């Protein structure tokens, strides 16, 4: 999980010690204003997918369309996630050590090109539904690919979409081509924001205990791989994919062609974000017309990320953001619940009670099926979701 980072550049073009939060590498700029603008922009970009993703997760949990159901993370999934993440991280480290970085990043670019188009299309779809002219026919389409024949016929791709989906996919494809050809930081951020928002919206923790297990495990994972080894830094420096948000510190000097970036990894947005979204759904379940726990955890996230940036900037050393975000995002709401006498109610709340009884879990490898929303959802589970087929009446996602 690469986070906010920077690397001090000296006038002769050489660089000093890397100062990456969770291990990616950028550079200091001489302008204090540029550095403040970069950090402030990263903080704002981190808050947007958490806020809007959490709001959309409430509607997602109440959606009775099986194709748009969220993926539920159980305590078992949460306990083994840090192990899976560690194996993946170390595997990437070995790949970059053994094979050519250029070819690996080419394959990753193609993969994230497809995944990014689907994620951005899903992100845009609610807006497209509002602006799509009522007098324009909204035609339905289906892309079907099967294997075998007769009774043994098996669906490999069953992809249904309409005109609005097609427009979203077209716009997203333009951004995808821009990213692949130019690797421009704006295109990277569009994909990164879409990934983060989709993650917060579509990945649901089933209860607060599961959230504590997940965040606690990744807290240890983050601290170990940043402070204990150079694996996180090496992978983050080598990995070229929209898995982080970036903002140039030399924007004031060079404009859109700036290249001196501060960065924030998507893991440090999505992981706390799905916990914050869970607390929003808990607020809704209380039926008190307040969002106390949501706003408390949201402010705790701001505090934790701000503290991360401050420590990194002060000590000029890589910092695991979850070291600061996890205690803040868990501690503040728990203390509030303890003060209000609702601690038992908070930990007994089950998010899965509000959705269909057969909510898919993150356990099986998916087939490619459904609308742009459900397909992006399946792909974003990185091979851990259950296949879902869509009814013949397409939804607007």
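Any Cβ shown, glycine's included, is placed from N, Cα and C.
Caution: TrEMBL annotation is automatic and unverified by curators.
Your range for transmembrane segment, going by TrEMBL and the list 292-315, 340-363, 364-387, is 292-315.
TrEMBL lists transmembrane segment at one of the ranges 102-120, 121-139, namely 102-120. Here the transmembrane segment (261-280) has long-range neighbours at 1-6, 20-22, 24, 26-27, 35, 38-39, 42, 45-46, 49-50, 53-55, 57-58, 73, 185, 192, 195-196, 199-201, 203-205, 207-208, 211, 214-215, 218, 236, 243-249, 291, 293-294, 296-298, 301, 304-305, 321-322, 325-326, 329-330, 333, 351, meaning same-chain residues at least 6 beyond its ends whose C-beta is under 8 angstroms from one of its own. The transmembrane segment (78-96) and the transmembrane segment (208-227) are in contact, since at least 3 Cβ pairs between them lie under 8 Å (pairs 6 or more apart in sequence). Within the chain carrying the transmembrane segment (292-315), a Cβ under 8 angstroms from the stretch's Cβ atoms is held by residues 3-6, 19-21, 39, 43, 46-47, 50-51, 54, 268, 272-273, 275-276, 279-280, 282-283, 321, 323-329, 331-333, 336-337, 340, 346, all 6 or more beyond its ends.
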